[in-house]
Amino acid sequence: MWRGLSALVTRPASAPLRLCARCSTGAESLVPGSTIFALSSGQGRCAIAVIRTSGPASGLALRSLTALREPPPARSACLRLLRHPCSGEPLDRSLVLWFPGPQSFTGEDCMELHVHGGPAVVSGVLQALGSVPGLRPAKAGEFTRRAFAHGKLSLTEVEGLADLIHAETEAQRRQALRQLDGELSQLCQGWAKTLTKALAHVEAYIDFGEDDNLEEGVLEQVDRDVRALEVALSSHLRDARRGQRLRSGANVVVAGPPNAGKSSLVNLLSQKPVSIVSPEPGTTRDILETPVDLAGFPVLLSDTAGLREGAGAVEQEGVRRARQRLEQADIILGMLDASDLASSSSCSFLDTVVAPLVAQSHDSGRQRLLLLLNKSDLLSANAPASSTALPPHLLLSCHTGAGMDALLQALKTELAAVCGDPSTGPPLLTRARHQYHLQGCLDALGRFQLTTDLALAAEALRQARRQLSHLTGGGGTEEILDLIFQDFCVGK
């Protein structure tokens, strides 16, 4: 990304400092800015609740509720009895922590009260804080927004914090933590330094091009640096979809002819009865979706109608939707009945779905299909699954669970390929906003390469650097910032 409170007259420690909206203290004039407070831990009954404040009146709030003459030692917990500032009524015994700015999460004076988590206790403490002059309830994400405004977090780190709060799988947690730790921000800063150096050299050549003291090959070095940066940006843009899948979930679609066991597999993978299982063909007639954690990766698992011709109008609409969903899938689990591979529906699925997908995976260098032969328990011990040549496949029995471990391992490999491994490699682009600004930077570098006018070349470099600045939060519009901070709860 391109404190203070005046002295207050305190009462003796034995008596609580009584400051509230209806107490005549004149303390409002001592508070230069707004101070916010909120419950930071989860709603509902719990063992411990954390209530925090941020702003110049945090010290006043601390003294008002605890009767302390001075704040306790910074970042050290002390046990105090909390009293209402107006009535002096005891509220709870609390651990009190004091974080003076700028060495705090928001960069402002902050206080945390760790109280018992009963709803009445939390409500009473929040009401007491609301009676202190200069304090108001925080808005959603306002603590984090203040941290951003004071340079404690870049915008990509803010997004990483939001993703960490909402992470539901191990892969999401790892990716969010890397982004919160600033890896994406640091990568962008490195690119920005390259552009700044290139821009300085171009402008130096414009100003001192005829000067003998200017080193030779300055523009040639700029050109090499910009081309190397273009390669790096292009590589990250190619991986952008992987990061978005990791954040939102990969689309895994189960498809196949009727009665192949698709619904049984969906129920097994999701570990809950998502789909109705019946021996009658055509039971599933619409797309059934469920979010699943598979091998630590977020997945949107879809059950689809059995693919066959000649069914009724309603089932044919389900087949049409199933084929449409196949086009949107990241990974397709193609299911066949291992005991009925010679049927017309199985042969049709192999010809119309499996064969094109196998050819496509060879062309793209990435496998998108896992072919599964279900009902392996119905095969005799010495009989092959089929006399016909099949693409690589896995034998599976949803009835006995045989082959599930091999399927989960294969899925883990495929998910790592389409989502990326959050533990290794460069940080991923997890949002469309990241992709937009990186593409804008790359477009500006393309204009730099095409122009022969040094002034236009310098302007192209400025535009490229500006796009990187927007990515990390520099010069961002209020509308975009509002959307990002709306993802946070009130106490964050």
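Quick reminder: no glycine exception, Cβ is built from N, Cα and C everywhere.
Keep in mind it's a predicted model, so treat the numbers as computed, not measured.
Record features (Swiss-Prot):
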TRANSIT   1-20  transit peptide
BINDING   R52, E112, K152, K492  5,10-methylenetetrahydrofolate binding site
DOMAIN    249-416  domain 'TrmE-type G'
BINDING   256-263, 282-286, 303-306, 374-377  GTP binding site
BINDING   N259  K(+) binding site
BINDING   S263, T284  Mg(2+) binding site
Handout entry: Integer Å distance between the CA atoms belonging to T284 (Mg(2+) binding site) and K375 (GTP binding site)
Key = 19
Problem - Which same-chain residues, if any, lie at least 6 apart from G256 (GTP binding site) yet have Cβ under 8 Å of it - result: K262, G306, L307, G334, M335, L336, F349
Handout entry: In three-state DSSP terms, the structure that A305 (GTP binding site) belongs to
Key = coil
Practice task
Select one residue from E112, D286: among these binding-site residues, choose the one with the most other Cβ atoms within 10 Å of its Cβ.
Solution key: E112
Practice task
Using all protein chains shown, find which of the binding-site residues R52, K152, K262 scores highest when you count other CB atoms within 10 A of its CB.
Solution key: K262
Exercise for the section: Note down the number of other Cβ atoms within 10 Å of the Cβ of N259 (GTP binding site), including every protein chain shown. Expected result: 22
Problem - C-beta crowding around T284 (Mg(2+) binding site), within 10 angstroms - result: 23
Practice task
For S263 (Mg(2+) binding site), write down the residues of its own chain that are at least 6 apart in sequence and whose Cβ falls under 8 Å from its Cβ; none is a fine answer.
Solution key: V274, S275, I276, V277, T283, T284, L288, D303
